[in-house]
Amino acid sequence: MSAEVSTNESAPPAEKKSKLTNAQKARIERNQAKAQKLREAKLVSHPFKELASNKEGGTHPEAALSQGSSVIKVQGTKYIDSGGGFLLEQPVMPTGVGPAGLNKSGEEAPPILDDAIAIPVQYEECLECGDMFADSYLFNNFGHSVCDKCRDKDERYALITRTEAKAEYLLKDCDFDKREPKLRYISRKNPHNVRWGEMKLYLHLQIHQRALEVWGSEEELVRQHEAREDKREEGKARKYNKKMKQLRMEVRSSIYTKKTHEVHEHEFGPDTYDEEEDTYTHTCITCPYSETYEKM
């Protein structure tokens with residue numbers, strides 16, 4: 001009797017299933033395949049929804065964030081890549097979890113993620129104060145191990161343009177670009193005119209050290225400055241004397257008989273006869289020009 005009842009109860013679902021046409025079955029299969037593809041195309045999960053479900057359902061936040069999220073470790077702190085362009089700090093293990101991995105109720109706690117990417121951080125020692133630092137303006141741009149605090153206090157770490165460095169320390173382009181190690185610089189817009197080329201700013205301390213490498217000592221650099229100053233003064237004196245000479249020639253035309261705008265015509269005096277050579281000579285009256293010739 002009971003067997004008959006069970007067969008009668010199970011009959012209606014079979015009848016409903018048999019009522020589906022082939023077109024309906026094909027549409028159901030297509031919808032299932034489309035849903036499966038959408039599930040597979042979902043590459044990054046959203047930890048915000050998981051965090052909200054944790055608050056409502058009470059699940060462990062570590063286990064919720066471990067699904068479909070990447071963890072990055074920066075200086076010992078773990079961050080979760082949200083997939084939206086920023087990082088979320090990974091939640092800390094609850095205080096109720098013991099050292100053996102069991103919570104207060106004695107149940108096994110979810111494991112903590114340990115697949116973080118460790119980013120090595122190198123610390124440098126400041127040459128001024130001796131403190132260790134991981135990031136510095138001078139170290140990042142010029143490779144000089146000085147922290148930002150010491151850089152702000154000392155004027156030696158000011159910047160200098162390439163043109164000023166060449167004029168002050170008598171350096172050439174090869175001393176900047178080809179001599180090893182090459183001097184590092186930062187580029188900035190020219191404040192005088194934005195249409196001009198970008199300025200190259202160097203560390204003043206490194207420029208001073210490079211000048212000592214080129215000239216050997218500060219005394220030699222001073223001598224080179226004096227020698228170039230003497231040459232500059234000599235050039236100015238020669239230029240001045242040339243202008244003064246030209247001015248005298250223009251003012252005192254009676255001394256300089258050269259005339260630029262008129263053609264000189266000779267006026268010869270009487271002829272003189274040379275018996276030994278059998279030649280005649282006559283001299284210009286207005287200038288010392290003389291001419292010797294023979295008469296046929």
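The backbone N, Cα and C atoms fix where each Cβ goes, and this holds for glycine too.
The structure displayed is predicted, hence computed values, not measured ones.
According to Swiss-Prot, the compositional bias 'Polar residues' annotation covers 1-10.
For the motif 'Nuclear localization signal' (26-47), the predicted model reports an average pLDDT of 75. Feature annotation from Swiss-Prot assigns motif 'Nuclear localization signal' to 26-47.
Residues or ranges marked as compositional bias 'Basic and acidic residues' in Swiss-Prot: 26-39.
Look at Swiss-Prot and you will find 126-150 tagged as zinc finger. For the zinc finger (126-150), the number of residues in each DSSP class (helix H, G, I; strand E, B; coil) is 9 helix, 2 strand, 14 coil.
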